[in-house]
Amino acid sequence: MEADCCATQLIDGDGVFNVDGLHNFISTTKMADCGLSYAVVAIMGPQSSGKSTLMNHLFRTRFREMDAYRGRSQTTKGIWIAKCVDVEPFTIAMDLEGTDGRERGEDDTTFEKQSALFALAVADIVLINMWCHDIGREQAANKPLLKTVFQVMMRLFSPRKTTLLFVIRDKTKTPFEYLEPVLREDIQKIWDAVAKPEAHKSTPLSEFFNVEVTALSSYEEKEEQFKEQVAQLRQRFFHSISPGGLAGDRRGVVPASGFSFSAQHMWKIIKENKDLDLPAHKVMVATVRCEEIANEKFMHLSSNEGWLALEQAVQEGLVTQFGRKLSSILEVFLSEYDLETAYFDEGVRCAKRQQLESKTLSLVHPAFTTLLGHLRSVILEKFKTRLEDLLSRGEGFASSVRNCLHTCMLEFDKGCADAAINQAKWDASKVREKLQRDIEAYAYSVCDAKLSEIIAKYEKQLTVALNDPIESLFEAGGKDTWPSIRKLLKHETEVAVSELQSDVTGFELDNDTVDTMVQTLRDYARNVVEKKAKEEAGKILIRMKDRFSTIFSHDNDSMPRIWTGKEDIRKITKDARSASLKLLSVVAAIRLDEKPDKIENVLSSSLMDGAVDASSQDRSLTIADPLASSTWKEVSPKDTLITPVQCKAIWRQFKAETEFAVTQAISAQEAYKRSNNWLPPPWAIVALIVLGFNEFMLLLKNPFYLMILFVGFLLSKALWVQMDIAGEFRHGTLAGILSISSKFLPTVMNLIRKLAEEAQGHSTSEATTTRTELLNSQSFRNQSKPNPTTSTIPESSVSSNISSADSDVEYTSPNLAHRRSTKNTEVELS
């Protein structure tokens, strides 16, 4: 057999359907691409009536023909199909096993009925091959065949209108005009005689069949004429499915791609001896085939390289023109589905297309969702960047947020439009709402952070502006300390509040929020003062001692005091303690509310007047101690820094720790008085003047006594300087007496020796002895006379000795030094 007709046994003699053979036939002939543009022509007739020969000449097929030289026998077994060569549209020739064959026997008509029903259900045109000489006969062989055709036709619910083309073979000399009416009359009689269902009792033959009749000459006797007539008949099969063509109404035609499944299902139903509902069968075929095609397209889409690449790109980040690319991919597969299912039942086709769309959209929707997630992230980052840029340029926060939000949401909407596909109307509102919530949350966090920064800035400003000045005010500790603190607090707070309100203008906050921030700043400023006051209260004892030391040890010119004996230590001590007590009263309580209190008066009256002394315990028990309490009047507990009881304890400790400084000052003053007071008391001086008047007059009358007193004074002065009498008494009276008594005799001897050495150093030769003695005596007399120069030398020596008493410096008498230098000069001259 030639390859172009692809003759294939569709059903064998045992009724087994050749599924693989049919698939191979459809694939080889590319029948599946024909859609509805195909026709099926089947031929029925008695065995050995030349059916295969007619089909081969009519459609140029290569069905097996009977070899007349080997006898007449069954040639075609079962049902064979082949492609009609050079016939448009695509036409399938179906050659059925002949009826009335001796091989199956007289009673075995089951396969004949089954094959006839299959041909009527599948074929558009059924050729009834019959002999010319059988026309008009009552028991001719064509009547059983026609009865079979009409009977099985009743098993088709809502059958389609099929063309029955009666081919009269071996036409005789009887004109065709006489043969056709007789044949039609016989056909009508057979139709009328066939038992019909109740619904078709009165249905005419024309409702089920288009009856056509043609006649052909004998193939064996008039071959050339036969071929010419066949060629003319062949032309009728061109464009057979066109309106007015040879084919029927084609109401139940199955698309070419579903022909294989339809044929299998029909044969299965026929084999099971069930009635064949062609409309239901058509829907069933459409359902199965459309579902198969949809599944096939879905599988192709799932493995499509373009889709997989697009899906991978979406996983990695934002993809531009996602919607256009994905729509194009989906459109290709949906169009292929539409093309392949175009000729199936419209309802089934549309339903399966919707299912395919749903599956494909379910497949690609995660990618769309992922893309929207990337888009949301990108837009959120853009919002952050743009907002930061606008804020860095000094734009207002609220206006910057509005502008950025508007721009970013427009970009998101544009991105959603770019990501949208034509096959679906996916809603991105939830993602948009989430983006807006994220933006608002970020803007709120930035706003909170910015406001926190602003508040922190002004809190730091207040801390710097208040800490050191307040500490300085507390150190001063006067009556105006708390008024000054309140004034400073108010000024710095108002400055900070004004600047804060100016800075938060761009945030467009509501009045309550601004008021809350202002109040927070005011509270912080107050807390700074309160904290500093608590710190000062914690070190009040140190402050009090410093204040006491400053006032007690320095005069009004801030110069260190020298306790010369003229100072009133009691008054100075009282003033210093009073100033220290004022410090205590200042830090005893926080006075930021300008409420008057009597803390200073209570402390002054209770402590400075000796209320905490031991003697206070001897007072009447009816008098209450104002400091025997844990609270101050007119002062709330939260503003109390040092309770009255604590003040009492602090003052007691303060007095104990400053008592030593007062004692030292008193000791220093007494020591200074002792070291500088050499004159006797005034009464003693008066007594000396009165009682020693006679002796004074005696001295005035006799100058020799004056000279003796003067020499005694000089000797005493020299002994005073040499023995450092004042220095010896610095360590105590007893120690001074013991030291002087041990040094007195050696000092006197040393002084006499030096005088003797000086006297011996002035001796010269005997010629000048008298002159020398005269000179010595004159010199002695000159030295014995009091004069301003000699009289000032002892005073300076004394003063020098007094001023150097603390440094233990020993001064030598100027007279002795003069004598030593004179002696050294004389030795050098000698």
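Note: Cβ is positioned from N, Cα and C throughout, glycine not excepted.
Bear in mind that TrEMBL entries carry predicted annotations, made automatically and left uncurated.
The feature topological domain 'Cytoplasmic' is assigned by TrEMBL to 1-679 (among others). In this model, the topological domain 'Cytoplasmic' (1-679) carries an average pLDDT of 86.
Sequence annotations record features per position, and here TrEMBL assigns domain 'GB1/RHD3-type G' to 35-250.
Counting every protein chain shown, 27 other Cβ atoms lie within 10 Å of the Cβ of Lys51 (GTP binding site). What TrEMBL records for Gly45, Pro46, Gln47, Ser48, Ser49, Gly50, Lys51, Ser52 is GTP binding site.
What TrEMBL records for 704-721 is transmembrane segment.
Here TrEMBL flags 725-830 (among others) as topological domain 'Cytoplasmic'.
Taken from TrEMBL, the feature region 'Disordered' applies to 760-830.
According to TrEMBL, the compositional bias 'Polar residues' annotation covers 761-787.
The compositional bias 'Low complexity' annotation in TrEMBL covers 788-806.
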Item to check | For Gly45 (GTP binding site): intrachain residues, at least 6 apart, with Cβ closer than 8 Å | outcome: Lys51, Gly98, Thr99, Leu127, Ile128, Asn129, Met130, Leu145
Checklist outcome for this item: Around the Cβ of Gln47 (GTP binding site), other Cβ atoms within 10 Å, all chains included, total 20
Item to check | binding-site residues listed as Pro46, Gly50, least Cβ neighbours within 10 Å | outcome: Pro46
Checklist entry - Where's the emptiest Cβ shell within 10 Å among the binding-site residues Ser48, Ser49, Ser52? => result Ser48
